[in-house]
Amino acid sequence: MLNQTSVTAFLLLGVTDIQALQPYLFVVFLAIYMVSVVGNGAVLLVVVSDPRLHLPMYFFLGNLSCLDICYSTVTLPKMLENFFSTHKAISFLGCISQLHFFHFLGSTEAMLLAVMAFDRFVAICRPLHYSVIMNYQLCTRMAVTVWTIGFFHALLHSMMTSRLNFCGSHQIHHFFCDVKPLLELACGNTELNRWLLNTVTGTIAMGPFFLTLLSYFSIIISLFSKTHSCSVLHKALSTCASHFMVVILLYAPVIFTYISPTSGSSMDQDQVAAIMYTVVTPMLNPLIYTLRNKDVKAALSSIFTKRGDLNISRAHF
């Protein structure tokens with residue numbers, strides 16, 4: 001079927017219409033974006049370059065860092081541009097593309113966190129069989145699977161949204177193109193789109209979340225049944241602490257946005273939640289993992305030490 005919409009562009013109204021605040025917000029979000037890209041880039045670099053980190057846990061961590069770089073890049077550059085733009089326009093194709101990659105990367109990250117929780121479950125509850133179960137082939141297949149499901153989940157939303165007829169206002173009360181604010185602008189029947197958002201996206205979000213909780217519940221039960229030593233329990237659970245913090249940071253605002261009724265929450269509340277999982281979480285993920293993970297910190301320090309020694313030798317030369 002042909003696309004029935006006559007809209008060629010939308011206007012992204014952004015996080016605020018107060019002109020005096022926009023230069024300050026630009027500096028804040030630019031700093032957050034730089035920290036996110038540099039932090040996740042550093043984690044990805046050490047995971048790829050350090051042989052000591054060529055393990056399933058760090059393979060998935062590298063995928064997470066790659067996702068976070070792309071995830072923040074989907075929304076933040078356009079937001080930063082619009083702080084100093086007078087028209088704040090985004091083309092129809094650009095809007096649908098942004099929507100697609102936002103849901104593609106977001107749903108992939110949600111499922112990847114469940115895979116990472118399964119990895120921790122096997123490492124703690126089946127330590128003797130860990131290398132056999134979490135082999136290279138299985139890890140690669142799981143990573144490819146979550147990326148593929150995420151892509152087709154996003155494709156479903158982008159195709160269904162692009163077929164809508166937008167005949168009213170073209171102003172999007174958000175800082176990026178998403179399904180919920182676009183449905184507010186659509187004419188005609190949007191029940192199928194809302195059903196897909198609540199059911200399919202809800203399943204993509206809640207399914208991995210419950211699998212993650214199940215993995216941690218199984219870890220706790222297994223540890224309590226095998227040992228009564230507090231030090232052993234603390235050491236085992238501390239390896240999961242970083243991952244659990246990331247899970248909470250991502251799922252709390254996502255559940256608020258996509259599990260709540262599509263017309264029940266205000267756009268301002270949705271924007272605050274969106275800032276949490278599109279801006280803040282990608283920035284905090286590398287900090288959480290590097291501050292709590294001795295292997296990653298050691299790999300980072302060794303890279304900087306080698307570069308420092310190389311610079312010194314060049315200076316002497």
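Glycine is treated like the rest: Cβ placed from N, Cα and C.
Nobody curates TrEMBL annotations by hand; they come from automatic prediction.
The transmembrane segment feature in TrEMBL is assigned to 30-48 (among others).
Taken from TrEMBL, the feature domain 'G-protein coupled receptors family 1 profile' applies to 39-289.
The transmembrane segment annotation in TrEMBL covers 55-74 (among others).
Feature annotation from TrEMBL assigns transmembrane segment to 89-118 (among others).
The annotation transmembrane segment is assigned in TrEMBL to 138-156 (among others). Residues 56, 59-60, 63, 99-108, 111-112, 115, 196, 200-201, 204 of the same chain sit 6 or more residues outside the transmembrane segment (138-156) yet have a Cβ under 8 Å from a Cβ within it.
Among the features that TrEMBL reports, transmembrane segment is placed at 204-224 (among others).
What TrEMBL records for 236-259 (among others) is transmembrane segment.
Summarising the annotation, TrEMBL assigns transmembrane segment to 271-291 (among others). Residues 15, 29, 32-33, 35-36, 39-40, 42-43, 61, 64-65, 68-69, 71-72, 74-76, 102, 106, 173-176, 178, 242, 245-246, 249-250, 252-254, 256-257, 297, 300 of the same chain lie 6 or more positions beyond the ends of the transmembrane segment (271-291) yet place their CB under 8 Å from a CB of it.
The domain 'G-protein coupled receptors family 1 profile' (39-289) scores a mean pLDDT of 86 in the predicted structure.
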